[in-house]
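Structure, as structure tokens:
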């Protein structure tokens, strides 16, 4: 009798379990997608100066709220995954000419050259020299999208193809691109300066490319001649300080480390005959034992220690990371410098952001831009679910470059006026 009376209560118990399960799933979704995170304008770190005030006035994106897609755009992991897997949506196919440059050690550097498709806003010849992220090249979708947008805004674009990254280009020397080697980028810039003597340069680097371009500019003062400005997006500034964070599991950095290492292994192994074969030019400290270690490597640090550092004869991983990082060169850059990171970038630990912050607080030519969202090279925009073809990052880089061009033209006109007045006197 009592069992019969208790039976009607069972559906209520089951309904409670279902409700709790649904609530738990919703909680996990809200937490994983970071749906409660607010949207806001990016945090800006800079010194008050005439240049900074002009930029704030001329670049609305610096002070405007960055709004990522509502459902998933506040998750740095999804933004990063979409960039890594898909690149961009409806990516265009700009037409360019591939150039080949022979380096002193026999390596063949390549870059793609894209001519402007409209007149520039100041009516002058301006070229963007672009360095992509790790193991990337001009055929990557995020590069194609950015180049197409820059062309439409009147910029000629030269895009470096990292040595060994293009699948259809064989290495002609036992050396690949490394974290901070500026040789190929410098050769491309010199070619542009020589071929277009009237052009001015806007230097752009994405991720690892940001490290290379900043290091290049700081290595020699002459490298900054005819450079209007530099933009670095999503770089980590110090490989030595970043290596410890890359072995940590918070924000899944160790997992990203494994994925990037796996990709690097595939690229290196595709060139193993040139790199590890019987070649008189190959580094003496690169042996078959290193090839064996490469097969079992699960992190970028292992690959860097066993292979990459030996291309340039570094004695240790620490020496390699110290010498190849732009950290010790940033203070030698005197042209306007925009450093862009995302607060939710799963690859760049928040401790590394103290580097651009400190620099921006001391130098009038530097501005650090830190939106809450964007992931690593994501920065997708959109209303609810589907992202727009152009990202916030694409628009910001071009908008900043346009503003700097206007700033330099205004300064030049004021200087000409002053000289004319003084001549009349």
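From the backbone N, Cα and C atoms, a Cβ is placed for every residue, glycine too.
The annotation domain 'AB hydrolase-1' is assigned in TrEMBL to 127-382. Among the features that TrEMBL reports, active site, charge relay system is placed at 207, 345, 376.
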Length of the line joining the Cα atoms of residue 376 (active site, charge relay system) and residue 345 (active site, charge relay system), in Å: 5
Residue 207 (active site, charge relay system) to residue 345 (active site, charge relay system) - Cα separation in whole Å: 11
Residues satisfying Cβ distance under 8 Å from residue 345 (active site, charge relay system), sequence separation of at least 6: 76, 80, 234, 374, 375, 376
Neighbouring C-beta atoms (10 Å sphere around the C-beta of residue 376 (active site, charge relay system)): 26
Residue 207 (active site, charge relay system): tally of other CB atoms within 10 A of its CB: 23
